[in-house]
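Visitor: This is the structure I want to talk about, given as structure tokens.
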Amino acid sequence: MIKVFSLNFLKIEYSHFNKNKKMNYLKESIDIINLVLTITFNFIVILQIHCLKEDNNIKQFSNFIYWQAVVAFLSGIVIYVLKLHIFIIKGYFVILFDFFDTIIFDLTLYRIFYSNSTIMLIMISSLILFFIINYILVIILYIKYHLYMKEYNSIMSNHTKRMHREFNRLLLLQSVIPTFIIGIPVLYYVICLLLQNYEMGELFGTTIQQILSTVCYVNPLLYLVVIIYKLTKCNFKYLGGINVVGSDSRNMG
């Protein structure tokens with residue numbers, strides 16, 4: 001059963017978590033870094049997509065990356081403004097938003113429930129199910145993509161095939177790398193809660209939230225790395241071609 005407590009109760013119980021100023025400074029610093037990186041990388045991606053010339057071969061790919069960047073950009077701002085905290089106090093699982101505490105604290109409702117309650121188990125199960133469903137969808141999309149490429153391979157131009165291969169690799173990177181970044185910490189936290197090892201997981205919930213928010217800038221960063229790599233590779237080929245032509249000219253002379 002969900003129980004709602006007064007703001008004063010939470011302030012008293014939560015105060016001992018705020019004694020360490022270094023920890024508070026570290027958390028705030030991480031939040032700011034996440035925000036800056038999210039805004040910077042996603043803004044660059046949005047500008048880069050806008051600068052691309054209209055090309056039907058990459059239009060679908062560009063639209064996907066564009067809206068992914070827009071959603072991540074807005075999500076990063078919302079996450080920073082709300083300042084979500086997840087922690088455990090005296091056997092209760094607590095979700096706290098700094099935004100409501102400082103802006104409209106008179107209307108604040110804090111959701112608190114027992115860590116060994118049915119609701120807690122439902123929440124953990126939902127989290128696990130969320131990851132399973134997401135990666136089942138990724139696998140299904142990957143299979144469908146390959147079936148599509150196999151069916152229309154004979155009528156596709158080499159340029160279209162190359163663009164689709166790059167898009168496929170980027171999708172794989174954006175699904176696999178965030179899994180390693182957030183999967184292990186989330187699994188650790190879930191195990192701590194299931195085993196009721198609350199001392200190990202008291203403040204780790206907030207850290208999990210910060211790790212999850214890194215996905216907002218990891219995906220656009222991966223996209224930019226791929227683009228830079230491709231441009232660098234093309235430049236090396238171009239310079240190599242110039243050197244070969246220059247050598248041939250000198251030999252002929």
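Glycine is no exception: its Cβ is also placed from the backbone N, Cα and C atoms.
So TrEMBL lists these for the protein:
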TRANSMEM  32-52  transmembrane segment
TRANSMEM  64-82  transmembrane segment
TRANSMEM  94-113  transmembrane segment
TRANSMEM  119-143  transmembrane segment
TRANSMEM  170-191  transmembrane segment
TRANSMEM  211-229  transmembrane segment
Visitor: How about long-range neighbours of the transmembrane segment (64-82): same chain, 6 or more residues beyond its ends, C-beta under 8 Å?
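Guide: Tertiary neighbours of the transmembrane segment (64-82) are 31-32, 34-35, 38-39, 42-43, 45-46, 49, 97-99, 167, 209, 213, 215-217, 219-220, 223.
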Visitor: Please give the sequence-distant neighbours of the transmembrane segment (32-52): residues at least 6 beyond its ends with Cβ less than 8 Å from one of its Cβ atoms.
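Guide: Residues packing against the transmembrane segment (32-52) from afar: 58, 62, 65-66, 69-70, 72-73, 75-77, 79-80, 210, 213-214, 216-217, 220-221, 223-224, 227.
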